[in-house]
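Straight from TrEMBL, the features:
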BINDING   I10, G11, S12, G13, N14, M15, A73, V74, K75, P76  NADP(+) binding site
BINDING   N60  NADPH binding site
DOMAIN    6-102  domain 'Pyrroline-5-carboxylate reductase catalytic N-terminal'
DOMAIN    165-269  domain 'Pyrroline-5-carboxylate reductase dimerisation'
Amino acid sequence: MFSGKKIGFIGSGNMASVLIKGILKAGLVEEKSVFASDIDPEKLESLKSEYGINTVFKDNKKVVEDSDIIVLAVKPQIMSRILSEIDEKLDSSKLVISIAAGISTEYIDSLTSNDLKIIRAMPNTPALIMEGATAICPGENVSEDDLKLAREIFSAVGVVVVVDETQMDAVTGLSGSGPAYIFMMIEALSDAGVKMGLSRNVSMKLAAQTVMGAAKLQIETGMHPGRLKDMVTSPGGTAIAGIHTLEQGALRTTLINAVENATLRSKELGKKNGR
């Protein structure tokens, strides 16, 4: 799919950097076919020295001109300015992928002149270690081949799912915000270990590994988490005693409410910002 294609990144922050690392490591493109622009010369120098890609200081038009795929990796609040700047260089032959939070394909389309192929993506922070969960949704003019290209890009840094754009707020509430929930759970488990007499170092290692191992077990076996939970519990045992306490504290309801409220907040922010 990627044969001969060039990819450009407007913005070279953490997520752009990890995507560049991922696609190069996966062998999707060569270094000479990757372009990046930014207002921070230090970021560009770091990318150039580490990955050997082409970097351009403050010249977003040049990146668009030289690329077949353009990844918009800028903050939502400056998206309109960036689109206004590069609009004359965008045409229907180029695939535009936005990873800016809360920016709809319709919003991008409304600020550009041509009928563009636009894909919206929502990666999460574990992509920084190639364990991300990314949801992508295609705009009106996107073909199956375009969607396959986007899948390849984000598969280089984790798992990819395709959703309807109306579901992107729910994605934000679940996988976008989800790492924060899990970090809180790891912290709480670690605190519990310390309360019960374990050292902080040992407690943190056990808590984090337990969460990672449990998640990996579910992914690799494909078993329902309820069944896996039952495999850990035994009549009158320790696990069921702990589960009883979690049920008393309404853990399930609290997590469901957290995802629901984060989803609603994402919708509110989208309306507020007109995106």
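Using N, Cα and C of the backbone, Cβ positions are placed for all residues, glycine too.
Worth saying up front: this structure is predicted, and the values here are computed from it rather than measured.
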Through the lens of DSSP with three states only, how would you label I10 (NADP(+) binding site)? strand
Among the binding-site residues I10, A73, whose Cβ has the fewest other Cβ atoms within 10 Å? A73
Euclidean distance between Cα atoms of N60 (NADPH binding site) and K75 (NADP(+) binding site), Å: 15
Reduced DSSP assignment, K75 (NADP(+) binding site): coil
List, in sequence order, the same-chain residues at least six positions removed whose CB sits under 8 Å from that of S12 (NADP(+) binding site)? A36, S37, D38, D40, K43, L44, L47, T55, A73
Find the average pLDDT over the domain 'Pyrroline-5-carboxylate reductase catalytic N-terminal' (6-102) in the predicted model and report it. 94
Measure between the Cα atoms of every pair in I10, G11, S12, G13, N14, M15, A73, V74, K75, P76, the residues the record assigns to NADP(+), and report the largest value in Å, rounded to a whole number. 15
Cα-Cα distance linking the residue listed as 'NADPH binding site' and I10 (NADP(+) binding site), given in Å to the nearest integer: 6
In sequence order, which residues at least six apart in the same chain have a CB under 8 Å from the CB of N60 (NADPH binding site)? I10, S37, I82, E85, I86
Just to confirm: which same-chain residues, 6+ apart in sequence, have a Cβ under 8 Å from the Cβ of N14 (NADP(+) binding site)? L128
Cβ neighbour count (within 10 Å, all chains shown) around K75 (NADP(+) binding site): 12
With DSSP as the reference, give the number of residues of the domain 'Pyrroline-5-carboxylate reductase dimerisation' (165-269) in helix, strand and coil. 90 helix, 0 strand, 15 coil
